[in-house]
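Enquirer: I'd like to ask you about the structure that follows.
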């Protein structure tokens with residue numbers, strides 16, 4: 001890794017994470033993405049929108065969003081029409097993969113300034129009428145839920161990801177109680193971080209017009225953390241396997257809206273513009289295995305990222321492992337031997353939310369905040385994705 005050109009993160013920003021059909025549901029994925037990009041660039045003194053040469057942005061449920069959501073995000077944020085834009089779909093890892101692609105673009109000398117991240121408005125995901133083009137000639141027609149079809153269903157087995165989370169719980173011996181207690185802890189960490197203002201620096205508030213003459217509303221916080229009710233969480237019925245199941249709605253991540261962006265620069269541009277770096281990208285790794293085992297793919301990607309970075313696992317001060325389900329974090333901690341005291345210290349996706357195309361970038365943005373708050377130096381973000389994959393990234397806080 002030391003032989004490759006350096007890539008620096010000079011800023012990061014994210015929207016609040018909105019609940020499904022909640023406070024941010026009036027905004028499209030490109031509008032959310034544009035807000036995150038604009039906020040990230042506004043943090044960098046000496047860098048103009050016209051300096052950005054390329055944008056990589058994750059988005060998963062792109063039906064009805066319009067052509068190339070990344071391009072819409074870029075132009076909506078005021079970037080030049082000459083900015084090259086690419087939308088990335090690696091399911092839940094899209095946002096982190098976009099950042100990896102941005103770093104690679106700089107390292108290969110194709111750009112000096114890249115914006116990367118991800119966006120998703122699950123509230124605005126449409127339903128499909130797949131047979132309408134050839135005609136509904138006779139009988140009932142069914143709507144297909146775009147969220148379920150393109151976001152939450154294994155394309156090979158045609159089964160919900162939640163059933164594969166159940167498979168993970170069985171494979172690795174995690175009970176319903178263990179998953180519930182983990183979910184409660186992650187909610188409590190998110191609530192504590194929210195109360196202490198630890199998300200304030202990473203969140204770019206969104207002002208929304210008031211309804212029917214009412215005053216404008218400014219959304220400043222993630223919506224989900226306040227919803228914790230431990231008694232209800234422990235009592236709710238399983239979501240995927242009636243009776244004997246261990247995975248429930250509240251010990252899984254919810255459906256959400258949100259976006260996150262980071263600004264990446266080369267060392268030459270950093271020095272030329274006298275920019276202040278936030279962090280340095282040290283390495284990354286991608287991995288894949290049997291699609292139904294997507295839950296534990298981070299346990300393959302994280303070691304690859306650490307090796308690429310030339311960093312030992314014990315040297316990492318904080319990990320972000322995306323909580324698609326509570327059991328995902330539990331299983332990967334177990335497989336890698338990572339203590340929970342180092343993982344998702346400000347809460348994870350179960351409590352904060354999981355706007356799928358954005359989450360990879362969101363966990364990196366939060367990781368930078370965790371390292372700053374805990375006075376840590378090295379951090380690693382890992383996230384699984386549908387189809388059996390995962391992506392991971394290692395950073396050094398500067």
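Keep in mind that glycine also has a Cβ here, set from the backbone N, Cα and C atoms.
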Enquirer: Taking 138, 187 as the options, which does Swiss-Prot list with 249, 250, 252, 350 at the K(+) site?
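Expert: Only hit among 138, 187 in Swiss-Prot's K(+) site, alongside 249, 250, 252, 350: 187.
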Enquirer: Within 10 Å of residue 384 (active site, proton acceptor) (Cα-Cα), which of the recorded positions 92, 187, 232, 252?
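Expert: Correct set: 92.
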Enquirer: Please list, in sequence order, every residue of the chain apart from 187, 249, 250, 252, 350 whose Cβ lies within 8 Å of the Cβ centroid of the K(+) site.
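Expert: Neighbours within 8 Å of the Cβ centroid, excluding 187, 249, 250, 252, 350: 183, 233, 248, 251, 253, 254, 326, 351.
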Enquirer: Neighbour count, 10 Å Cβ-Cβ cut-off, for residue 187 (K(+) binding site): what number do you get?
Expert: 24
Enquirer: If you measure from the CA of residue 350 (K(+) binding site) out to 10 Å, which binding-site residues from the list 229, 232, 253 are inside that radius?
Expert: 253
Enquirer: Cα distance, residue 92 (active site, acyl-thioester intermediate) to residue 253 (CoA binding site), nearest Å?
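Expert: So the Cα of residue 92 (active site, acyl-thioester intermediate) lies 12 Å away from that of residue 253 (CoA binding site).
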Enquirer: If you measure from the C-alpha of residue 385 (chloride binding site), which of the recorded positions 92, 187, 229, 249, 354 fall inside 10 Å?
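Expert: If one measures from the Cα of residue 385 (chloride binding site), the recorded positions that come within 10 Å are 92.
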